[in-house]
Amino acid sequence: MASLLHKFLENASGKKGQDLASTAYLAALDHLLHSFPSIGKSVIDELKSQRSRLKMIASENYSSISVQLAMGNLLTDKYCEGSPFKRFYSCCENVDAIEWECAETAKELFGAESAFVQPHSGADANLLAIMAIITQKIQGPAVKRLGYKTINDLTDKEYAELKAEIGSHVCLGPSLNSGGHLTHGNVRLNVMSKLMRCLPYEVSKKTELFDYAEIARLVRTHKPTVLIAGYSSYSRRLNFSILKQIADDCGAVLWVDMAHFAGLVAGGVFVEEENPIPFADIVTTTTHKTLRGPRGGLMLSTKEYEGMINRACPLMMGGPLPHVIAAKAIALKEALTVDFKKYAHQVVDNARTLAEHFQKHGLRLLTGGTDNHMLIIDLTSLGIPGNVAEDILSSVGIAVNRNTIPSDSEGVWRTSGIRLGTPALTSLGMGSDEMEEVANIIVKVLRNITLRRNADDNFSKSEGELPENIAQEAKARVADLLARFPLYPEIDLETLV
């Protein structure tokens, strides 16, 4: 039986545009399929799955084949605890070169004073941020006040008192229902809430926007050590100049989590006061989402925090992932291009177009629209919870995620909303015409969902139904869009048997 690679090369023979990247990609799949069939099949099935759905989960995107290839090599075998040129292991010169180049590229891309590229995820970056702030602003001064050089010099009693002092300091951040992330400290199940006294600020009940005057009032009242700004489900931009002034007025550290909108900063969409880099003390982000890189984290900071962040090992990290850092470097270089800037602007244009068509059809959007890459539909008037809408849309080939809304009566599992994003569809090349078609499909599906009745004749809050004719029409329209805008068109699915 001919291998995948052989079939691919036969089909590609004589065709223009054949490149090494797609050949290498197929060679890797070919090897996995023959040597470890179950794993290889699952990888291929995932490729087929992603090519059969409109990916509209706001936190997901598509990375380039170059980014993916960078992670599949012997860099994964190298331990390199520490920072470039200051490792706890020998023979790290090649990893040093890659990490240094990655950090320098990040500084160039974002105009930052310092960059740290080791975090394995956005959650790791956020944990490192709070640990660096605690160490710099609370622990360090306390050790010095007691007349010691390091924390290891403290007695057990003094150390216990220091931990209690740290726990009394306030961290003020956006609540989960107002668009914050669980790592912003206001979810008690998360480790962040166990480090400091974490308090939330909310969006306005009237406008569903963050109220800077209210945030300033809370800051004056609670005098936080840390003010967190950022979001995972908020469809507007933030004014970081105002937030910096609010933080400075009480001496708080301004930490911005831009995991969702880093690509819009890199692409020059968010500028001046909407760009957090000139205002924040520490900025954290993921490298996937709107940046289109590998799954991972990244930190940017002022020089004040550079030394502490670079001591992530032993502060909270062990060995970094050099193969992922190599992929981050490639993604950051891709983000420096003119094409990426065009992409970033199109992401926002597409989100606005999508929002306009939803509103034209009478759907209610949180905040009344969007000016970033995402939007949140309030399903309350339709009488269906977010989990049901998510499942039904998935069944017709549209991937979205359920999402809480302010004062959500359905809770975090069912929710009263769904969140949609345009980064992935924009990566496929879709524009305003396609956004209109997508909106029309989604509206028709949502308006035809009914809740199933349980055995006791009550409506289910976990299962819904869609008329078969509506479902088939939606599937056909989704398939047409995907056929016109295929994922990785250079990878011929006909060879993946």
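Positions of Cβ are set from backbone N, Cα and C atoms, glycine also.
There are 26 other CB atoms within 10 A of the CB of Gly180 ((6S)-5,6,7,8-tetrahydrofolate binding site), with all protein chains counted. Residues or ranges marked as (6S)-5,6,7,8-tetrahydrofolate binding site by Swiss-Prot on the basis of sequence analysis: Leu176, Gly180, His181, Leu182.
Take the CB of His288 (site 'Plays an important role in substrate specificity') and look out to 10 A: across all protein chains shown you find 26 other CB atoms. His288 (site 'Plays an important role in substrate specificity') carries neither a helix nor a strand DSSP state and counts as coil. Positions annotated as site 'Plays an important role in substrate specificity' by Swiss-Prot, on the basis of sequence analysis: His288.
Swiss-Prot lists Lys289 with the feature N6-(pyridoxal phosphate)lysine. Within 10 Å of the C-beta of Lys289 (N6-(pyridoxal phosphate)lysine) we count 27 further C-beta atoms, all protein chains included.
Comparing Cβ neighbour counts within 10 Å across the binding-site residues Leu176, Leu182, the minimum falls on Leu182. Residues Pro174, Ser175, Gly179, Thr183, His184, Asn186, Val187, Ser232 surround the recorded (6S)-5,6,7,8-tetrahydrofolate site, their Cβ atoms falling within 8 Å of the Cβ centroid of Leu176, Gly180, His181, Leu182, which are themselves excluded. Between the CA atoms of Lys289 (N6-(pyridoxal phosphate)lysine) and Gly180 ((6S)-5,6,7,8-tetrahydrofolate binding site) there is a gap of 16 Å.
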